[in-house]
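These notes are about the structure you will find just below.
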Amino acid sequence: MLVRFTKMHGLGNDFMVVDLVTQRIRLSEDKVRKLADRHLGIGFDQLLLVEPPTNPEMDFRYRIYNADGSEVEHCGNGARCFARFVRDKRLTNKDVIAVETANGKAILTIFPDNQVEVDMGAPELLPKAVPFVAQEQSAVYSVDVESQHVDISVVSMGNPHGVLVIDDTDSAPVETLGPLLEAHTRFPAKANIGFMQILSSTEVKLRVYERGAGETMACGTGACAAVVAGRLRGILDENVKVHLPGGDLQVSWKGGEKDSVMMTGPAATVFEGQVFI
Ligand SMILES: N[C@H](CCC[C@H](N)C(=O)O)C(=O)O
């Protein structure tokens with residue numbers, strides 16, 4: 001079956017976006033992995049499916065699959081591309097779009113300058129909600145990794161994150177420590193691992209080793225989790241500029257457990273294509 005898709009990215013975190021409003025397909029985990037392959041397939045960090053909502057109060061349903069084929073709960077960069085996609089395809093003419101995600105919703109606001117703001121909802125900080133194995137909630141946990149103790153904050157933005165504060169992102173052990181923490185037994189559902197360098201109380205540098213995809217050029221939920229972690233540690237203010245390898249995101253969190261994390265950044269379309277599924 002020939003399927004139309006659009007290749008997009010948010011700061012280099014790249015996506016294959018498929019409209020399932022006007023076309024119907026079924027994808028196995030194995031098929032997602034084959035499509036994600038950067039030599040044998042289309043190549044992407046995540047696959048985004050755009051569907052009619054199951055909840056009538058929502059405009060669309062948004063399903064997300066990592067390159068390893070695993071379905072996940074949220075994708076911040078993908079949400080911005082989702083908004084750009086549904087407007088460019090004239091699936092809606094709204095500037096504010098309510099999207100149903102695997103375990104909640106996201107409100108997307110499109111601005112004329114091509115920036116998109118995402119209301120990412122409130123962070124989940126209870127260990128069992130992340131999920132993370134711990135006796136009680138804390139701003140920082142000590143995790144044993146290969147005979148070393150690593151201090152880590154844990155946050156769910158719908159998807160699980162561990163955040164480390166390090167001195168220098170350029171020399172951070174992302175490729176070695178990232179996969180060890182991603183698959184650590186204290187993260188029963190695995191986790192995205194952020195390495196954050198504090199530049200000031202309003203500016204950080206961040207690299208993220210993503211669950212199911214490896215290090216990406218940017219991670220929207222990772223940027224949100226990093227700002228929440230920094231605020232919980234008392235080292236970041238409400239509005240923070242997050243410098244990722246692929247570019248910058250603006251993230252805000254008032255600090256209340258019910259307060260939404262707001263993320264603003266760009267979304268870009270690279271090419272349109274068709275592929276036999
Ligand atoms: N790898 C993530 C999903 C994609 C998140 C990221 N691309 C973003 O922009 O938030 C996970 O397994 O939870």
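For all residues, glycine too, the Cβ spot is worked out from N, Cα and C.
Owing to the predicted nature of the structure, the values given are computational and were not obtained by experimental measurement.
The active site, proton donor annotation in TrEMBL covers C75. The number of other CB atoms found within 10 A of the CB of C75 (active site, proton donor), across every protein chain shown, is 31. In the three-state DSSP scheme, C75 (active site, proton donor) is classed as coil.
Summarising the annotation, TrEMBL assigns active site to C75.
The active site, proton acceptor feature in TrEMBL is assigned to C219. Around C219 (active site, proton acceptor), the same-chain residues six or more apart in sequence whose CB sits under 8 Å from its CB are N13, G76, N77, N192, G194, L206, V208, E210, L244, listed in sequence order.
Residues or ranges marked as substrate binding site in TrEMBL: N13, Q46, N66, G76, N77, N159, N192, E210, R211, G220, T221. Annotation note: N66 (substrate binding site) sits in a strand segment as assigned by DSSP. Taking the Cβ of N66 (substrate binding site) as reference, residues of its chain lying under 8 Å away and at least six apart in sequence are, in sequence order, A36, D45, Q46, V72, E210, R211, G212, A213.
Listed in sequence order, T6, K7 are the same-chain residues at least 6 apart in sequence whose CB falls under 8 Å from the CB of F271 (site 'Important for dimerization'). What TrEMBL lists as site 'Important for dimerization' is F271.
The record gives N13, Q46, N66, G76, N77, N159, N192, E210, R211, G220, T221 for substrate. Within 8 Å of the mean position of their Cβ atoms, the other Cβ atoms in that chain belong to D45, I64, V72, H74, C75, G78, V208, A213, T216, C219, G222. Residue annotation for substrate gives N13, Q46, N66, G76, N77, N159, N192, E210, R211, G220, T221. The furthest Cα pair among them is separated by 16 Å.
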